[in-house]
């Protein structure tokens, strides 16, 4: 079945890469399910070879394999072939042009190129002269020598960790550097300095420096408040309690007091305070279980084991007497490697230490009573912190645009200053005698320079000094609105949303890429046994109403509950059910232990899937109660049975199954096996009467995102077992290629199986994850999942959370060398372009790449090819990646696109990714708060990301865009009149308005409209933004804030200032004497013009507001009324106290002048008429996308789409079931470790000793 996929947009090719013009695109018929997998990968997923071959002789689902059937190519090149007749082309000779992947510098038309303007080139020039520090290789420093139990001999970094942005020393230089990176602040600093020069300034000398100090102070207070929050969170972690050896026992100390060389005791369910070397544990042979979800995202437990020489150190007195040294490698960021030696006195032998003995900070001790360890790395030298970077100072794209736009204003400003100074010079030259009374003694050049500084001060307010303080204030309020949003409050955990960095709120409305962790972010870290199929009958813990037993319902559709399953143990299929439950209960590597506090059995499972299956069996009545090295005991309802464990054929990603051979209580030898359906179903004996029904059940489970396993068994005769056991024993002791020989031996016995059924485990997603991902994709956001889990698990979760849907083909890159990775990426690109050539479009795809291949793909010679491939895919999943790789992926995308990147995660392993992205979001989840501490925003569930971006993000971006543009406009509208007036006063530098009125214009009279717009304006409601997520693309495209809109607002400001200036001149040009004789004078005219500008600017604010509230009425009408009240009071008080004398005696002339009142109402209305006509015509004749939604919202128009959405959902359901018949995930996240050595070490029938150790 061909699939119509949206044609790739904006993807022109170079002429050398374009396809031959005489080749006509055509759509190839037949099911092109997945053209991007190697043959083995394809068969693993789809379970069968392709039966469809393209006209070019290629397998359409695997075009890298040609079809060599006799006569096939003759048929293809037959002149009667429709395609050959249409094009005249020999399809064997069609070449898909490939670029040279070895060349990192080449023209890439598909990938958006950054345009390097003047400022970018200036920055690159600065980087050339910047001193480069050569990174130090830790290997060059030699080993680190650590002395045990000797605090005076070890002098290393302390264990204090800080994620703060500033400290007491760095605050001032860092803050000033950040503030004065804004060109406006540099401009006002220079203006404030020259304003202090006597005889230069035409205004009060403090009218610039005072507002600037207020702006910097408010910004500094905000930065300090936000950094105090980070400091408090760091303090909470640094003051956590640990148990440190002191004297002959352990004492409680804070984490910050832990030092290298200390011996530390860590108890179950707690985190390691530093990087430790495992000395001993409460478990046999020094074994312990740790969970590293906080480090690599994997939920399965890792097994660590102490050296035999230290594993018997169980008493504190023995540890206190321990003497020796650790020769360790230097701190580095490699989580999976470690080299060191341990020398214990009085022995002189060095014992090797490796990753198996290393316990990393950030990991959690699980299913182990306690461990003892010696500290080797602390604080920022731990491997976890080495994978993090310094808290970056992030600047938004809007801020950078504002900086550029302020530079444009500065160019205009300098041009106006130069023109005015030149005009003054011309006036002096032409009419010099008329200005003799001024007693000008300086040269023309000196006078020109002096006038230039005068006009610099006079026009300096053209750049809005209040913009950034208003900007920061509104950002802060928006951050509080986000934090107080009840829709993002998790009542269950009592965790609200939190905005930890208010300076990034507008970026939320422009996100183009989301990089998400899987474990704890998309999922809940919780596995539950939900359903099973046994002998063709389906069972579930909760049965849907439409699937309950009914005579009218098809037997395959009926689901029974688990109570019916227990009853069926006495039915004809009881024997199959018994063996099925036995497999769940004993075919595993779980360690059982009775918990006296809860009076129940506790299971130590290295795989969460195995733990879920064992607990599922317990809920039905098959309770696993004891394990010995060669025996396991199960309680079957009221009786106990013991099974002798003979052999284990362990799981690995190649086998996709595990099996155990038991001698059962009845004396028979049986093989119990569980694994992926693709490997189990191929090994069944004969015909299974319920095979088809079981497959249907597997498809049902996979369709709803459950993780499936097939369960089977085989009875083995003593003779066959003895023969096989000999082969197995030889393989297990082989010194050459042991792993392969063990796999071959397992293959010999894992055949002729009897199918028992299938299981379905739910890897529980966070609430609303599928809908959230679907909505965000509809909004035009690309989602990449970066996880430490293995490939199969990642794909399975991708399907269940709807990141990968039924229409997508899977592009899998899983190679072991750079050359193979490059070849794989290029072949995938070749196939994509070949399919585009054949069908005319690019189908929907998801890219899956593992950590090893990703390492090579991120190299500079290959990264652009990798990004090109990823850009062609709707979704990307990177599996088995380290924390550092997560950050490198984000940085790679940042280098190749101008889009805003958001990273979201919940663990310490996500911190590098969160810090590398433009926006970091932390999930307050189960993995501690390290990600939250390093994030810019925190939420408690992934689903809240939808409102955070689509609603708050869209509103913040649109509001702040309007705030900035309005601030530019209102300053231009007022202060450009100073320039127009210069033509009337012979460029003398005379001011139009009273000095403090100029400063109060921004501080008092027009401060409220941009604040109210920035806080309360809504261009559409939240419900409409949910209903139409496509509106989010307005922010991605920068529709509300760009150069076009900037110049439109600046031009509007020029227009209003010139129009109102000319109107005021026309009115007061023939100004006659007032009733008492004198004319009105300069200050009456200037104040009238000031009032006209103020009324126009406030009217403009009212005109652009989309959401009217009482606050908007106060901000517009209230501000003008406030000026009418304030002005006469100020005009009387200021001259009386000597503060300002310009307004002395002006009020009677101003308020008694009819021209003032007429101008106040007539001319602002006239000036705004053009704006009203423009708004009407643009909405009626040239509407934008959100205008339609505003109409729908205003008139409450019924949306016809819900029925269509339901129809499309039904269609997708059918397609999904068809896809799942070919591809099903399986539940097996167990680590590929030597499980047999762990099982041999445990005897759970023994009681624990005085120190909790397993005897």
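Cβ coordinates are placed from backbone N, Cα and C, and glycine is handled just like the others.
Heads up, TrEMBL stuff is auto-annotated, nobody curated it.
Sequence annotations record features per position, and here TrEMBL assigns active site, 4-aspartylphosphate intermediate to 517. What TrEMBL lists as ATP binding site is 517, 518, 519, 610, 651, 674, 707, 787, 788, 789, 880, 886, 909, 910. The Mg(2+) binding site annotation in TrEMBL covers 517, 519, 906, 910. The annotation compositional bias 'Basic and acidic residues' is assigned in TrEMBL to 1-16. Sequence annotations record features per position, and here TrEMBL assigns domain 'P-type ATPase N-terminal' to 148-209. Among the features that TrEMBL reports, domain 'P-type ATPase C-terminal' is placed at 932-1184. Annotation source TrEMBL lists region 'Disordered' at 1-37, 54-73. If you look up TrEMBL, you'll see 406-426, 453-474, 963-983, 995-1016, 1046-1068, 1083-1103, 1110-1134, 1154-1173 marked as transmembrane segment.
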Task: Proximal but sequence-remote residues of the same chain as residue 880 (ATP binding site) (Cβ under 8 Å, at least 6 apart) - done: 788, 789, 790, 791, 850, 851, 852
TODO: Please work out which recorded stretch in 406-426, 453-474, 1046-1068, 1154-1173 has the most C-beta pairs separated by under 8 angstroms from the transmembrane segment (995-1016)?
DONE: 453-474
Task: Distant-in-sequence neighbours of the transmembrane segment (1083-1103), which means Cβ under 8 A and at least six residues beyond its ends - done: 966, 969-970, 973-974, 977, 992-994, 997, 1001, 1005-1006, 1009-1010, 1013, 1056-1057, 1060-1061, 1063-1064, 1067-1068, 1071, 1112, 1115-1117, 1119-1120, 1123, 1127, 1142-1143, 1146, 1149-1150, 1153, 1155-1156, 1159-1161, 1163-1165, 1167-1168, 1171-1172, 1175
Open item on the list: Neighbour count first, Cβ atoms within 10 Å, every protein chain included; then name which of 519, 909 tops the list of binding-site residues.
Closed with: 909
Task: Neighbouring C-beta atoms (10 Å sphere around the C-beta of residue 788 (ATP binding site)) - done: 28
Open item on the list: Please report the distance from the Cα of residue 910 (Mg(2+) binding site) to the Cα of residue 651 (ATP binding site), rounded to the nearest angstrom.
Closed with: 29
TODO: Could you tell me what the rest of the chain brings near the transmembrane segment (963-983), counting residues at least six beyond its ends with Cβ under 8 Å?
DONE: 398, 402, 405, 409, 416, 420, 423, 455, 458-459, 461-464, 466-467, 470-471, 474, 989-992, 998, 1001-1002, 1006, 1009-1011, 1013-1014, 1041, 1045-1046, 1049-1050, 1052-1054, 1056-1058, 1060-1062, 1089-1090, 1093-1094, 1096-1097, 1100-1101, 1104
Task: Distant-in-sequence neighbours of the transmembrane segment (1154-1173), which means Cβ under 8 A and at least six residues beyond its ends - done: 1052, 1055-1056, 1059-1060, 1063-1064, 1067-1068, 1071, 1080, 1084, 1087-1088, 1091-1092, 1095-1096, 1099-1100, 1103
Open item on the list: With every protein chain in view, what's the tally of Cβ atoms within 10 Å of the Cβ of residue 651 (ATP binding site), excluding that atom itself?
Closed with: 23
Task: Local Cβ density at residue 910 (Mg(2+) binding site) - other Cβ atoms counted within 10 Å - done: 33
TODO: Using a Cβ cut-off of under 8 Å, list the residues of the same chain at least 6 residues beyond the transmembrane segment (1110-1134) that approach it.
DONE: 996, 1004-1006, 1008-1009, 1011-1013, 1015-1016, 1087, 1091, 1094-1095, 1098-1099, 1101-1102, 1140-1141, 1143-1144, 1146-1147, 1151
Open item on the list: Across the domain 'P-type ATPase N-terminal' (148-209), what does the mean pLDDT come to, as a whole number?
Closed with: 78
Task: Other parts of the chain folded back onto the transmembrane segment (453-474), taken as Cβ under 8 Å at six or more residues beyond its ends - done: 182, 184-185, 187-188, 191, 194-195, 197, 200-203, 208, 211-212, 214-215, 218-219, 222, 402, 406, 409-410, 412-413, 416-417, 420-421, 502-503, 959-960, 963-964, 967-968, 970-972, 974-976, 978-979, 982, 989, 991, 998-999, 1001-1003, 1007, 1010-1011, 1014-1015
TODO: Measuring Cα to Cα, tell me the gap between residue 519 (ATP binding site) and residue 906 (Mg(2+) binding site) in whole angstrom.
DONE: 8
TODO: Sorry to bug you, but what's the C-alpha spacing from residue 906 (Mg(2+) binding site) to residue 651 (ATP binding site), rounded to the closest Å?
DONE: 29
Open item on the list: I'd like the number of other C-beta atoms within 10 A of the C-beta of residue 707 (ATP binding site), please.
Closed with: 26
- [ ] Between the Cα atoms of residue 517 (active site, 4-aspartylphosphate intermediate) and residue 906 (Mg(2+) binding site), find the distance and write it as a whole number of Å.
- [x] 8
Task: residue 906 (Mg(2+) binding site) versus residue 707 (ATP binding site) - Cα distance in angstrom - done: 23
